[in-house]
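Some notes on the structure that comes next.
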Amino acid sequence: MSIPATGSVLIADVRPYGEGDPVDVLVVDGSIAQIGADLSTPDAADRIDGGGAILLPGFVDLHTHLREPGREDTETIRTGSAAAALGGYTAVFAMANTDPVADNSTITDNVWRTGRDIGLVDVHPVGAVTVGLAGKQLAEMGMMAAGAAGVRMFSDDGKCVDDPLLMRRALEYAKSLDVLIAQHAEEPRLTVGAVAHEGPTAARLGLTGWPRAAEESIVIRDALLARDAGTRVHICHASTEGTVELLRWAREQGIAISAEVTPHHLLLDDSRLATYDPVNKVNPPLRETRDNDALRRALADGVIDCVATDHAPHAAQEKACEFAQARPGMLGLETALPIVVDTMVNPGLLDWRGVARVMSERPAQIVGIADQGRPIEVGEPGSLTLVDPDRSWVVRPDELASLSRNTPYAAMTMPATVTATVLRGVVTARDGEVTR
Ligand SMILES: NC(=O)N[C@@H](CC(=O)O)C(=O)O
Ligand SMILES: [Zn+2]
Ligand SMILES: [Zn+2]
């Protein structure tokens with residue numbers, strides 16, 4: 001195993017967590033060496049002029065689809081890494097629903113090595129819980145955890161581990177390995193043929209509904225299974241008001257349940273479906289305003305731990321068809337931060353410390369990676385993100401680094417910009433371009 005690249009950079013004129021007067025932050029050989037006024041740039045160190053930008057710990061995405069191996073026409077580890085670096089991410093967790101499925105250490109180690117060689121972001125492969133995502137037989141989680149990638153998170157995302165006995169066994173196995181199971185909470189018997197949130201909009205548009213109970217029944221079931229197994233469980237893409245209430249109850253019981261929310265479930269609702277544009281089709285579906293409101297409040301008060309993108313690239317032909325036939329999923333990496341600013345920071349629900357918590361610190365803690373989501377202090381890793389909170393930009397799908405174009409935000413104005421990303425002292429993105 002070779003050591004990941006480290007570098008040295010002086011990041012001048014930035015405000016850590018958006019607090020206090022601007023300072024300079026010097027990163028030497030991958031770690032923060034000095035924080036102070038008017039530091040000089042050492043020889044061989046890169047330099048970034050922050051221009052008063054906000055400095056945050058590099059973002060960690062617990063939920064990314066990179067499509068390699070198998071669908072390199074829609075995203076590769078390289079293009080997905082570029083999208084991540086441009087979005088301010090220094091680590092991403094690449095879901096296992098590739099082709100072939102990442103259910104063995106040959107694949108998970110390959111994904112990890114490919115990501116490391118590209119060097120734009122730490123690519124942590126997620127291992128499948130069941131062989132082939134088929135929901136019948138547990139995958140060799142121990143082998144994947146013991147491999148070069150050191151897999152720490154397992155998920156059948158895209159599919160729910162719906163058999164309660166198998167989920168129970170998976171949680172017990174995960175406990176002995178000290179790894180995390182992330183559940184795509186969707187009771188499949190309640191979503192047969194479903195393409196949109198079950199409610200007045202789907203009824204009016206003639207679309208088959210995906211009821212809130214399909215998510216909530218699995219959330220509460222898995223909370224109880226985690227309780228009995230004495231272990232933890234993570235809920236992917238929480239999307240309903242009821243899920244928030246169940247998470248709150250489970251936490252009160254002392255159950256070790258964590259949850260993420262996507263930027264699109266914070267911002268968008270099912271009124272967008274009126275055009276029948278499949279760009280708005282996603283799993284779980286866009287829901288109603290009251291769900292958006294409940295998810296925002298839950299993220300602010302910590303009942304939902306973190307933001308995860310569920311970046312899900314799809315080819316044009318998989319979206320240029322009838323709504324019911326289109327693939328579910330939307331891009332997320334390059335637009336996540338500005339949507340969190342729009343839905344959480346600007347309305348006063350989160351300050352920049354809170355943004356660091358939900359986009360970096362909590363996700364790193366949930367999955368247990370020690371070198372990400374750290375405080376901006378001397379001796380800590382130099383994996384950092386610069387944000388200009390006042391520089392707006394317009395989303396042009398053709399200008400995104402992702403290989404796919406399925407963003408629901410085309411032509412929308414984003415209120416803030418990630419201006420640079422630094423991974424262990426190596427500048428990975430700067431002014432909208434990746435550096436390698
Ligand atoms: N979110 C989606 O709508 N799609 C994801 C799978 C998933 O996250 O369930 C995908 O892989 O395309
Ligand atoms: Zn999912
Ligand atoms: Zn997903």
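Glycine residues also receive a Cβ, built from the backbone N, Cα and C atoms like all the rest.
Taking a C-beta cut-off of under 8 angstroms and a sequence separation of 6 or more, Asp310 (active site) has the following same-chain neighbours: His63, Thr64, His65, Cys236, His237, Thr262, His264, Val282, Gly329, Met330, Gly332. Summarising the annotation, TrEMBL assigns active site to Asp310.
Here TrEMBL flags His63, His65, Asp157, Asp310 as Zn(2+) 1 binding site. Other Cβ atoms within 10 Å of the Cβ of His65 (Zn(2+) 1 binding site) number 28 in total over all chains.
Look at TrEMBL and you will find His65, Leu66, Arg67, Asn97, Asn283, His314, Pro328, Gly329 tagged as substrate binding site.
With a cut-off of 8 Å between CB atoms and residues at least 6 apart in sequence, the same chain places His63, Met95, Ala96, Asn97, Val126, Ala182, His184, Cys236 near Asp157 (Zn(2+) 1 binding site), listed in sequence order. According to TrEMBL, the Zn(2+) 2 binding site annotation covers Asp157, His184, His237.
Annotated domain 'Dihydroorotase catalytic' per TrEMBL: 52-240, in sequence order.
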Residues among the recorded positions Arg67, Asp157, Asn283, Asp310 that border ligand 3 - Cβ under 6 angstroms, in sequence order: Asp157, Asp310
Other residues, Cβ within 8 Å of Asp157, His184, His237 Cβ centroid (Zn(2+) 2 site): His63, Met95, Ser155, Gly158, Cys160, Ala182, Gln183, Ala185, Glu186, Cys236, Asn283, Asp310
Other same-chain residues whose Cβ falls within 8 Å of the Cβ centroid of His63, His65, Asp157, Asp310, the recorded Zn(2+) 1 site, in sequence order: Thr64, Met95, Gly158, Cys236, His237, Ala308, Thr309, His311, Ala312
Residues among the binding-site residues His63, His65, Leu66, Arg67 that border ligand 1 - Cβ under 6 angstroms, in sequence order: His65
